[in-house]
Amino acid sequence: MNSEKLMNEAKLAREKAYVPYSKFPVGAALLSESGQVFHGCNIENSGYSMTNCAERTAFFKAVSDGIKSFKALAVVADTDGPVSPCGACRQVIAEFCDPSMPVYLTNLKGHVLETTVEQLLPGAFSKEDLKYAEGQQ
Ligand SMILES: O=c1ccn([C@H]2C[C@H](O)[C@@H](CO)O2)c(=O)[nH]1
Ligand SMILES: [Zn+2]
(Lines of atoms letter the chains of each structure in order from A and count residues from 1; the text may use other names and numbers.)
(Lines give C-alpha, C1' and ligand atoms only; values in the text may rest on other atoms or scores of the structure.)
(Ligands and ions follow the chains in the order given, each with its own letter.)
Protein backbone atom coordinates (compact mmCIF):
# COMPACT_ATOMS: atom_id res chain seq x y z
CA MET A 1 0.00 0.00 0.00
CA ASN A 2 1.63 3.25 -1.14
CA SER A 3 0.92 6.72 0.24
CA GLU A 4 -1.39 7.65 -2.66
CA LYS A 5 -3.57 4.62 -1.99
CA LEU A 6 -3.61 5.26 1.75
CA MET A 7 -4.70 8.87 1.18
CA ASN A 8 -7.48 7.58 -1.06
CA GLU A 9 -8.58 5.23 1.73
CA ALA A 10 -8.72 8.26 4.04
CA LYS A 11 -11.05 9.97 1.55
CA LEU A 12 -13.35 6.94 1.59
CA ALA A 13 -13.32 7.02 5.40
CA ARG A 14 -14.24 10.71 5.34
CA GLU A 15 -17.49 9.90 3.55
CA LYS A 16 -18.68 8.09 6.71
CA ALA A 17 -18.17 11.10 9.00
CA TYR A 18 -21.04 12.00 11.34
CA VAL A 19 -20.79 15.78 11.46
CA PRO A 20 -24.23 17.41 11.83
CA TYR A 21 -22.76 20.24 13.97
CA SER A 22 -19.48 21.25 12.37
CA LYS A 23 -20.29 20.02 8.83
CA PHE A 24 -16.55 19.37 8.66
CA PRO A 25 -15.95 15.74 7.68
CA VAL A 26 -12.49 14.29 8.28
CA GLY A 27 -11.16 10.90 7.22
CA ALA A 28 -8.20 8.85 8.41
CA ALA A 29 -6.63 5.65 7.15
CA LEU A 30 -4.25 3.76 9.40
CA LEU A 31 -2.01 1.10 7.87
CA SER A 32 -1.03 -1.76 10.18
CA GLU A 33 2.30 -3.58 10.09
CA SER A 34 0.53 -6.55 8.51
CA GLY A 35 -1.04 -4.43 5.74
CA GLN A 36 -4.55 -4.00 7.13
CA VAL A 37 -6.16 -0.58 6.68
CA PHE A 38 -8.34 0.85 9.44
CA HIS A 39 -10.72 3.65 8.46
CA GLY A 40 -11.61 6.40 10.90
CA CYS A 41 -14.06 9.30 10.62
CA ASN A 42 -15.03 12.02 13.03
CA ILE A 43 -18.14 11.27 15.08
CA GLU A 44 -19.83 14.24 16.69
CA ASN A 45 -22.41 14.49 19.46
CA SER A 46 -24.99 17.04 20.60
CA GLY A 47 -22.82 17.20 23.72
CA TYR A 48 -20.01 18.69 21.66
CA SER A 49 -17.14 17.57 23.89
CA MET A 50 -17.96 13.90 23.27
CA THR A 51 -16.84 14.28 19.66
CA ASN A 52 -14.21 11.80 18.50
CA CYS A 53 -11.80 12.81 15.75
CA ALA A 54 -11.16 10.71 12.66
CA GLU A 55 -7.60 9.88 13.70
CA ARG A 56 -8.53 8.61 17.15
CA THR A 57 -11.44 6.63 15.72
CA ALA A 58 -9.00 4.78 13.43
CA PHE A 59 -6.59 4.01 16.30
CA PHE A 60 -9.33 2.89 18.67
CA LYS A 61 -10.82 0.60 16.04
CA ALA A 62 -7.43 -1.01 15.39
CA VAL A 63 -6.44 -1.39 19.04
CA SER A 64 -9.83 -2.81 19.96
CA ASP A 65 -9.29 -5.40 17.22
CA GLY A 66 -5.95 -6.34 18.80
CA ILE A 67 -3.69 -4.42 16.37
CA LYS A 68 -1.04 -2.15 17.87
CA SER A 69 1.76 -1.97 15.26
CA PHE A 70 1.46 0.54 12.48
CA LYS A 71 3.34 1.60 9.35
CA ALA A 72 1.64 4.82 8.21
CA LEU A 73 -1.31 7.17 8.72
CA ALA A 74 -3.15 9.39 6.24
CA VAL A 75 -5.61 12.15 7.18
CA VAL A 76 -7.80 14.23 4.87
CA ALA A 77 -10.26 17.12 5.19
CA ASP A 78 -11.53 19.93 2.99
CA THR A 79 -8.99 22.42 4.26
CA ASP A 80 -7.04 25.16 2.50
CA GLY A 81 -3.74 23.40 3.13
CA PRO A 82 -2.97 19.94 4.51
CA VAL A 83 -5.22 19.16 7.51
CA SER A 84 -3.64 19.58 10.94
CA PRO A 85 -4.46 16.94 13.60
CA CYS A 86 -5.54 18.27 17.00
CA GLY A 87 -3.43 17.94 20.14
CA ALA A 88 -5.40 15.00 21.55
CA CYS A 89 -4.92 13.01 18.37
CA ARG A 90 -1.20 13.82 18.28
CA GLN A 91 -0.84 12.34 21.76
CA VAL A 92 -2.73 9.16 20.76
CA ILE A 93 -0.64 8.81 17.58
CA ALA A 94 2.55 9.14 19.67
CA GLU A 95 1.35 6.39 22.03
CA PHE A 96 1.19 3.73 19.34
CA CYS A 97 3.64 4.71 16.60
CA ASP A 98 7.41 4.99 16.17
CA PRO A 99 8.64 8.61 16.16
CA SER A 100 9.84 8.11 12.58
CA MET A 101 6.55 6.71 11.22
CA PRO A 102 5.30 8.67 8.19
CA VAL A 103 2.05 10.64 8.46
CA TYR A 104 0.44 11.99 5.28
CA LEU A 105 -1.65 15.10 5.87
CA THR A 106 -3.70 16.11 2.88
CA ASN A 107 -6.79 17.92 1.62
CA LEU A 108 -9.30 17.56 -1.20
CA LYS A 109 -7.19 19.78 -3.46
CA GLY A 110 -4.40 17.23 -3.29
CA HIS A 111 -1.94 19.20 -1.16
CA VAL A 112 0.18 16.71 0.77
CA LEU A 113 2.40 17.28 3.77
CA GLU A 114 4.49 14.20 4.52
CA THR A 115 5.51 14.47 8.15
CA THR A 116 6.40 12.13 11.03
CA VAL A 117 4.99 11.27 14.42
CA GLU A 118 7.94 13.02 16.11
CA GLN A 119 7.40 16.19 14.09
CA LEU A 120 3.71 16.24 15.00
CA LEU A 121 4.42 16.11 18.73
CA PRO A 122 8.05 16.74 19.69
CA GLY A 123 8.81 15.71 23.26
CA ALA A 124 5.55 13.79 23.69
CA PHE A 125 4.71 12.56 27.16
CA SER A 126 5.26 8.79 27.06
CA LYS A 127 5.44 5.57 29.03
CA GLU A 128 9.13 6.33 29.69
CA ASP A 129 8.06 9.35 31.74
CA LEU A 130 5.82 7.10 33.86
CA LYS A 131 8.76 4.73 34.51
CA TYR A 132 10.76 7.60 35.98
CA ALA A 133 7.88 8.34 38.34
CA GLU A 134 7.79 4.68 39.49
CA GLY A 135 11.50 4.82 40.35
CA GLN A 136 10.92 7.82 42.60
CA GLN A 137 8.47 5.98 44.88
O1 LIG B 1 -7.57 16.57 12.44
C2 LIG B 1 -8.77 16.72 12.75
C3 LIG B 1 -9.32 17.98 13.02
C4 LIG B 1 -10.66 18.05 13.34
N5 LIG B 1 -11.43 16.92 13.40
C6 LIG B 1 -12.88 17.00 13.66
C7 LIG B 1 -13.36 17.21 15.04
C8 LIG B 1 -14.73 17.84 14.80
O9 LIG B 1 -15.68 16.84 14.49
C10 LIG B 1 -14.51 18.66 13.54
C11 LIG B 1 -14.27 20.13 13.79
O12 LIG B 1 -13.24 20.33 14.70
O13 LIG B 1 -13.39 18.09 12.89
C14 LIG B 1 -10.89 15.68 13.13
O15 LIG B 1 -11.60 14.67 13.13
N16 LIG B 1 -9.57 15.62 12.86
ZN1 LIG C 1 -8.15 15.14 16.89
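The backbone N, Cα and C atoms fix where each Cβ goes, glycine too.
In the record from TrEMBL, residues Cys86, Cys89 bind Zn(2+); the candidate from Cys41, Cys53 listed for the same site is Cys53. Of all Cβ atoms in the protein chains displayed, 19 besides its own lie within 10 Å of the Cβ of Glu44 (substrate binding site). The 6 Å Cβ screen around ligand 2 retains nothing from the binding-site residues Ile43, Glu44, Asn45, Gly47. Among the binding-site residues Ile43, Ser46, Gly47, Tyr48, Cys86, the residues whose Cβ sits under 6 Å from any atom of ligand 1 are Cys86.
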